[in-house]
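Residues or ranges marked as active site, proton acceptor in TrEMBL: C46. Under the heading active site, charge relay system, TrEMBL lists H93, E137. According to TrEMBL, the feature Zn(2+) binding site maps to H27, H52, H54.
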Amino acid sequence: MAGSSAQSSTAERIGYINRIESFSACHRLHSIHLSDEENKEVYGKCNNPNGHGHNYKVEVTVRGKIDAKTGMVMNLTDLKKCIEEVIMIPLDHKNLDKDVPYFTTVVSTTENVAVYIWDNMVKVLPPGLLHEIKIHETDKNVVVYRGE
């Protein structure tokens with residue numbers, strides 16, 4: 001019978017953990033590959049020479065086997081430490097374009113912020129655990145990146 005306790009005790013279970021953090025940062029959308037006029041046309045007011053800021057909300061999702069002994073996919077304390085190291089320390093209350101070396105040659109769009117976070121989270125998490133990075137730039141603008 002589906003869902004019987006005998007089958008449940010031997011079946012491998014997969015779980016998802018979603019940790020949410022917020023950080024504030026400023027940036028200017030400006031590509032070194034475009035002229036000033038093209039940048040103004042493509043990015044509009046977000047190309048303001050003085051930049052602008054956001055209160056980003058980031059969701060980091062890990063996916064993995066629920067350990068039979070601990071009952072966890074991973075320890076939330078460890079996930080919180082990884083997020084602190086990868087997101088909060090380098091990005092919170094920073095000018096992304098001037099304070100984060102990655103963005104000196106990469107446009108600091110939310111898509112690229114998600115890629116930056118993914119690339120650095122996979123370095124500190126156990127292999128194969130990172131599932132998704134979701135960034136809420138505003139209440140209406142959300143970017144999802146899954147390492148593809």
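Each residue, glycine too, has its Cβ placed from N, Cα and C.
Heads up, TrEMBL stuff is auto-annotated, nobody curated it.
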Neighbours of H52 (Zn(2+) binding site) among the active-site residues C46, H93, E137 (Cα to Cα, within 10 Å): C46
Listed recorded positions (H27, H93), ranked by Cβ neighbours within 10 Å, top entry: H27
Fewest Cβ neighbours within 10 Å, where candidates are the binding-site residues H52, H54: H52
Proximal residue to H54 (Zn(2+) binding site) among active-site residues C46, H93, E137 (C-alpha distance): E137
Closest of H27, H93, E137 to C46 (active site, proton acceptor), Cα positions, recorded positions only: H27
Packing count at the residue listed as 'active site, proton acceptor' (other Cβ atoms within 10 Å of its Cβ): 16
Residues satisfying Cβ distance under 8 Å from E137 (active site, charge relay system), sequence separation of at least 6: H54, Y56, T110, V143
Nearest-integer angstrom distance between the alpha carbons (Cα) of H27 (Zn(2+) binding site) and H93 (active site, charge relay system): 11
Shell list (Zn(2+); ref centroid = CB of H27, H52, H54; cutoff 8 A): A25, C26, R28, C46, G51, G53, L96, S108
